[in-house]
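Quick notes on the structure that follows.
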Amino acid sequence: MSRSSRTHFGLAALLAGLSTLGPFSIDTFLPAMRAIGSTLSASPLEMQQALTVYLFCYALMMLWHGSISDAVGRRPVILATTLLFGLASVGCALSDTLGQLLLFRALQGLCGGAGLVVGRAIIRDRLEGAAAQRLMSQVTMLFSLSPAIAPVVGGWLFGAFGWHSIFAFMALIGFALFALCWFGLPETHPKAARQPLHPRPLLASYWTVGRTVNFQLLTAAVSFNFAGFFLYVPSAPVFLMQHLHLGPTEFLWLFGPAVSGIMFGAYLSGRMAGHFSPREVVSRAYLLMFAAALANLAYNLFAAEQTLPWAVLPLALYTTGMSLAAPSITLNLMDQFPALRGTASSLQGFCQTMVSSLVAGAIAPLAWASPLRLALVMNLLLVLGFICRMGYRRRIQAAERA
């Protein structure tokens, strides 16, 4: 392996680690949600707020992570948020009321998305074109391990040491990433390229990015594609424990196939970079997602009962297509704003997480009553994403003809 390859892989590993704060904050405590609710005298619906509050604050701060990093640099933002995340996780572990837990979950959410948003900007600071897509795919492939590992680790910690240990583990991750970034993360955004952080320029930047129809369509496409899978994340305790009759330590049955698909899709994206155009990559990705969503619907319509592994295999194919499409669409989106990549990344992350928050807080509780409802909603969300993608393609074709 050349020195350049080792450097890129090391950066990919570090950025992937930073990106894990989000999924670990969501997935690690899922197996223990019922037990936490029992300890804190909270109903299942009230405990769902611990996820919804986190996602809402995560989305809200997405609007600031990239913009702040555009103004002060990438490194200070990463260092501050990893340290605060660790402290918030300690607060969650020490909580003895639902109100305290929600407060510290909100603080976790305010910090948890910095690695993902700023990490994308760092990639674009360092690389261009196919090289950027390859590094983005490497980050996605490494990052995608966390949703599979997190619930397994959470189930094991819960069974061995109780639910407080789950948040202690999150704190350890936050402090470890702070130390790694302190010693190993370079500053990639020079002072000469920085944008001022004042209300008027910030609002102008968001207006410039957000009013662009192409940005709206691409962001909606990525958000709905992801929502088709994310629907199963807040539904996991009911889907696995009620419909499939599994225990708290068996969440790998859902997240294992799904994450395997994410990793394989990211691998394919990296391999196809430079050999296929982004449009061709995304078109093939949608074929995979539609095949998976329709197979999931057919299984739930005609199967006499839910059995493993058939109840979860369509998710592996779906997430393969989802992960194959995401790097190309995301890079395409940010390339429209070369001077505002951090801002564009923040706004895209905000929109996607708000959709996920809506799914977790409103849609999933209505759909998780039956696996068939989940399959129907998955198909609906995918169709919405495809419509947005086709709207973008038609605008590009019209511009080319003009």
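Just so you know, glycine gets a Cβ as well, placed from its N, Cα and C.
Whatever TrEMBL says is automated annotation, not expert-curated.
For 47-65 (among others), the entry in TrEMBL reads transmembrane segment.
For 77-96 (among others), the entry in TrEMBL reads transmembrane segment.
Residues or ranges marked as transmembrane segment in TrEMBL: 102-123 (among others).
Per TrEMBL, the feature transmembrane segment maps to 135-158 (among others).
Annotation comment: TrEMBL describes 164-185 (among others) as transmembrane segment. Cβ atoms under 8 Å from those of the transmembrane segment (164-185) belong to residues 10, 14, 17-18, 20-21, 24-25, 28-29, 32, 74-75, 78-79, 82-90, 92-94, 108, 111, 115, 153-154, 157-158 of the same chain, restricted to positions at least 6 beyond its ends.
The annotation transmembrane segment is assigned in TrEMBL to 206-231 (among others).
Residues or ranges marked as transmembrane segment by TrEMBL: 251-269 (among others).
Long-range Cβ contacts of the transmembrane segment (281-302) within its own chain (Cβ-Cβ under 8 Å, at least 6 residues beyond either end) map to 225, 228, 265, 269, 272, 310-311, 314-318, 320-322, 324-325, 328-329, 371-372, 374-376, 378-379, 382, 386, 389. The transmembrane segment feature in TrEMBL is assigned to 281-302 (among others).
Taken from TrEMBL, the feature transmembrane segment applies to 374-392 (among others).
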For this session: Select the range from 77-96, 102-123, 206-231, 374-392 that forms the most Cβ-Cβ pairs under 8 Å with the transmembrane segment (47-65).
Result: 102-123
